[in-house]
Amino acid sequence: MSEVQKSGISVEPKSGTCEVKNSSVSVANATVDSFNKNLMARLTTNDTFEYLSDIRMIVYRAEIELRTLNRGSLQKLGDWSRSKKITTVPGKQILPAKRFFRIGTAEAIPWSGIKKDPVTGEPIKDADNNDVWEGYCVDFIQKLSEDMNFDYELVIPADGTFGIKLPNEKWTGLVGDLVRGETDIVVAALTMTSEREEIIDFVAPYFEQAGISIVIRKPVRKTSLFKFMTVLRVEVWLSIVGALTLTGIMIWVLDKYSPYSARNNKRLYPYPCREFTLKESFWFALTSFTPQGGGEAPKALSSRTLVAAYWLFVVLMLATFTANLAAFLTVERMQSPVQSLEQLARQSRINYTVVANSNIHQYFINMKNAEDKLYTVWKEITLNSTSDQIEYRVWDYPIKEQYSHILQAITQVGPVKTTSEGFEKVISSENAEFAFIHHSSEIKYEVTRNCNLTEVGEVFAEQPFAIAVQQGSHLQEEISKRILDLQKDRYFEALASKYWNQSLKGMCPNSDDNEGITLESLGGVFIATLFGLALAMITLAGEVIYYRKRNATQIKKQKKRKDKGYKKHVKRKSLDKLQLKPAPTVSLIDKPFGPKTRVSHISVYPRQFPFKD
């Protein structure tokens, strides 16, 4: 090579044309051929270099002696050469050393998280005083390390995020660490996106399609024993009592002063009729609310007009009460107020949010930008004056700006910093007035462990979770093969059943919507009945006491009358002895003398006819 360089002859191959003879080209190519033959002849007898025809490279002839340090001295294990590969010393065995990888992950329950003491709630530390991590991804990493024979160290990003793209084209979180070479592998709840695939390589997905879902708290059923009393407002109940009282008073007044009432017209009603005293009038007004009715109605036309109007009022109030009671008892078992993302965007009562700077937050930002772009394109088309674009001119914008409204609502409420903060906000809203939009896998995990949460709507924007490696890494193919083997062994199904155990939902209280009306809602009716029974017993005791007291008073009066009669009897005897006649008494004077009154007819009425003796 030195001789060729000193001669100044060019050994670069030259090309010519087919039409013209190029003697200089053949001379130059002949020089190159001579150089190659001379070089190959020298390499075959050289002990330092050799030519590899498969890759067309000249390399050193290398032989490596393998030794190991054992108890302060080097011991030979074998030799290595390109032709013979590794030859071991008899009695020795050479095993490949374990590889070491820095694996990045981020907290996302149940994928990966710090293990905490179930009693104290404090993080558990290992021998090196580092936090112990657990979860789906941690178990998966441990399985890969055993099958692929490597050691690892978990690396948590400084900002704790999965990674977003900054305006300066740099990445944060797990993706940023992987791009900068601070980690070798990322095993986390990392979704495959087109932006991320531009800078890192993804391995075959290890989890089923996971998208975005909505979680909301189940409305707290406010049970009350007197639920039937809340059907009507307090002012309505007071109005009913006022109407009942006024009607009772008016019936008494009309029956008392009307010349056509039963009490004032004995000629027209010679038989015993119901006398509407004040007490009887109130009883009639009260019993008119019952299916049995109030009994015998007044006789006067004015009283009957009042009663007819009152009965119409009673019918309408009973119908209103019955309908509202059925509605109130049914509304407790109504479904969630929203059932999809579209319904959530259209309403304004329920607030909602996402995790700040997450891929879900970025999803809504991208969708909003897409809507803006479509609107710009549509506006340019409709404002175009060319005749061939007239079919695009419409009076209204044909695309709903749904994601713009959603992003605006999220901005007003404010994104939460962590996933746990989002779930805490949902749980604290007892009236189900807050929703959290997050990964469906994490929402399903929380729903299986919290009886107060429920997932509404269908999963949307589905994307798979996958392991990420550095771009061009040899680990991509190796890990992909291992994942396929684990899928054949149904390893991921067993691991998913460990963390998404639906049997835990069976520990929640039964909330079947078809279980019927509970005693907690209608217990007040029975309490009112028991109160009536107790009041009846108290009234009975009062009646007995009053009767005995009155009877004792009458007995005393009768005794006094007997004593007085005995004195009169003694006096009478003394007068008889004197043969004097007693003076006529008042009863004798009032007694009519003459023919007795004859009975013209007798009217017979039912025994239960309500009249006073």
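From the backbone N, Cα and C atoms, a Cβ is placed for every residue, glycine too.
The shown structure was predicted, so the numbers you read here are calculated from the model rather than taken from an experiment.
When you check TrEMBL, the disulphide partner of Cys451 from the set Cys273, Cys508 turns out to be Cys508.
Packing against the transmembrane segment (522-547) from elsewhere in the chain are residues 224-229: each is 6 or more residues past its ends and has a CB under 8 Å from a CB in it.
The average pLDDT for the domain 'Ionotropic glutamate receptor C-terminal' (116-502) in the predicted structure is 85.
Around the Cβ of Val338 (site 'Crucial to convey clamshell closure to channel opening'), the same chain contributes Ile214, Ile216, Leu344, Gln347, Ile350, Ala435, Val456, Gly457, each under 8 angstroms and 6 or more positions distant in sequence.
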